[in-house]
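A.B. asks: Here it is, the structure in full.
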Amino acid sequence: MVTLRADEISNIIRERIEQYNREVKVVNTGTVLQVGDGIARIHGLDEVMAGELVEFEEGTIGIALNLESNNVGVVLMGDGLMIQEGSSVKATGRIAQIPVSEAYLGRVINALAKPIDGRGEISASESRLIESPAPGIISRRSVYEPLQTGLIAIDSMIPIGRGQRELIIGDRQTGKTAVATDTILNQKGQNVICVYVAIGQKASSVAQVVTTFQERGAMEYTIVVAETADSPATLQYLAPYTGAALAEYFMYRERHTSIIYDDPSKQAQAYRQMSLLLRRPPGREAYPGDVFYLHSRLLERAAKSSSLLGEGSMTALPIVETQSGDVSAYIPTNVISITDGQIFLSADLFNSGIRPAINVGISVSRVGSAAQIKAMKQVAGKLKLELAQFAELEAFAQFASDLDKATQNQLARGQRLRELLKQSQSAPLTVEEQIVTIYTGTNGYLDSLEIGQVKKFLVQLRTYLKTNKPQFQEIISSSKTFTEEAEALLKEAIQEQMERFLLQEQT
C-alpha cells in the first residue's frame, strides 16, 4: 500500500506557489465562423483596428478589412487550407509593416518582403508601414530634374522628371514592360534606386525581366517585388504598397528612386475579388466604390522632396493594359486622372514596325520641358511640331495624287524623323547621343539618305563622334547646354561621317 507523505506533498505545493506567475496577459481573441476563397469571418475580436494583422491558430496571418456589428471580415495572406471553423484567432495589435534596408538591393522579394530568389535571409534593422501617408504640400517641391529613360521619343517629347508620375498605357503586347525595363537599364551610373513591382504577372515573364537585369548589371541598384498570377489576391493587392514603402525608405534618405508598377489594373482586379467576397457593394464594372482611392493613395506617395527634407525623389511609372485601345474604361481613366501625363503605346504602330510604339500625338507629360536639360530643350523643340505636321500631311497625301515639291520634301523629312525615333529593345541612349540623333534629323542632314540607310548612318555617327570628338560629350555633360562650340563640332562630325558613309555605300 502506498503511504502518503505529508512533508513531500507540502514541499511540492510550496514550490508551485513560489513558481506562480502573477502576470496577467490580455489577448484579444475571436472564433472562426466561416472560411473559404481567401476570406474568413470571425466572431469576437472586439477591439480590432481596421487593417490590423490577425493570427490564426495554425500560423496564417490575415488583415481585418471589414469591421461589422457582429463579425469581422478578414482577408488571408496565404491559402488558409488548415484553418478550421471554430478555431481561435488572435489580434496582434500591429498594422501591416515590412522590414527595410540597403540589403534589399539586388534581391527578388514577395509582398511581405520575404526573399524568393533562394539567396538567404535579408538583414534589416528598421521597418516601415506598408501604407504610409503621402508627403504633404509643404514637404514637396516642383519637379525640375530629368529622369532619363534612354528612349529618344520619351526624353525629347514626353519628358519624365524625378518625382513625377507618368502612366504607360497600351494594349497587350505593345512593349509597355520593355519601355519600363529600358528606363531601369538606363539608370546605371545615375545614382537612382529602382523598384520593379510585378503584380499578377506570369512567373516566366518576371523571370525574364530579372534575367535581363542581371545580364546588364542593373540588379545592383534594383529591387524586384513579385506576386505572380497564382498568388493569393491579398498579396497581389499588397505588393505595390510594399514596393512604395521600400522606395520611400530611400527617398527619405535623400536618394532618388524610380518605381514601376506592372500593372495596377491587376491589383484592382485582386481588390475587386476581395471586396466582392467580403460582400461590399459593387459599383461600375463590379469594382468597389473605393477603387479610385486604392490607386490615388498609392501614386500620391511619389514625390519630389523639398530642400528641407533633402530633395530625394520617388518617380512612379504605373503600367496599365487596355482592351483594344479603350482608354475610357474605368481603371485607365482613374489612373490617367491621378498621374502627371501618359505615354500611349499603339498596337497599330507596333505592328507596322515602329518600336517603341509610342503615339506621340496623344501622349503628354504635364511637367513638360521643366524635366529636360537646356541642351535637349534647344534641339527637341522643332521635333514634335515637325512630326505633328508630318502626321497631318501623311493622312492628306493618301488622297492627293500630285504633290508639290515642298510637300514632298516635308513628307520625306517626316519619314526620316520617324525612322530616327526607332530603337532596339534594351539599347537605351545617353542624352548626348539623343541630342546628336535629333539634331541630325531636324536639320535636314538625313534628307539625302534612303530611309533604309538612316539607322545605320546614325549608329556610325554616334560611334564616330564618341571616338573622334570626345569633347562634344564633355561640353554637353558639363554645361548641360548645346553651345555654339558643341554645334560646330557636331556639324563637322556629321559632314565627315556623311562623306565616309556615302563612299562606303558606293563600294
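We number each residue from 1, going along the chain as drawn.
Including glycine, each Cβ sits where the backbone N, Cα and C put it.
Annotated ATP binding site per Swiss-Prot: GLY170, ASP171, ARG172, GLN173, THR174, GLY175, LYS176, THR177, in sequence order. The site 'Required for activity' annotation in Swiss-Prot covers SER363 and rests on sequence analysis.
Map these features onto the structure and tell me what's around them.
C.D. replies: Neighbour list (THR177 (ATP binding site), Cβ cut-off 8 Å, at least 6 residues apart, same chain): SER205, VAL209, ASP262, ILE319.
When secondary structure is read from DSSP and collapsed to three states, SER363 (site 'Required for activity') falls in the coil class. A simple way to gauge crowding: the CB of SER363 (site 'Required for activity') has 21 other CB atoms within 10 angstroms, across all the protein chains here.
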A.B. asks: Judged by the number of other CB atoms within 10 angstroms, which among GLN173, THR174 is the least packed of the binding-site residues?
C.D. replies: GLN173
A.B. asks: If you count CB neighbours within 10 Å, which one among the binding-site residues ARG172, LYS176 has the smallest count?
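C.D. replies: Minimum Cβ neighbour count within 10 Å, taken over the binding-site residues ARG172, LYS176, occurs at ARG172.
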A.B. asks: Comparing the binding-site residues GLY170, GLY175, which residue's C-beta has the most other C-beta atoms within 10 angstroms in this structure?
C.D. replies: GLY170
A.B. asks: Give me the CA-CA distance between ARG172 (ATP binding site) and SER363 (site 'Required for activity'), in Å, as a whole number.
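C.D. replies: Between the alpha carbons of ARG172 (ATP binding site) and SER363 (site 'Required for activity') there are 17 Å.
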A.B. asks: Using Cα coordinates, what distance in whole Å links GLY170 (ATP binding site) and SER363 (site 'Required for activity')?
C.D. replies: 11
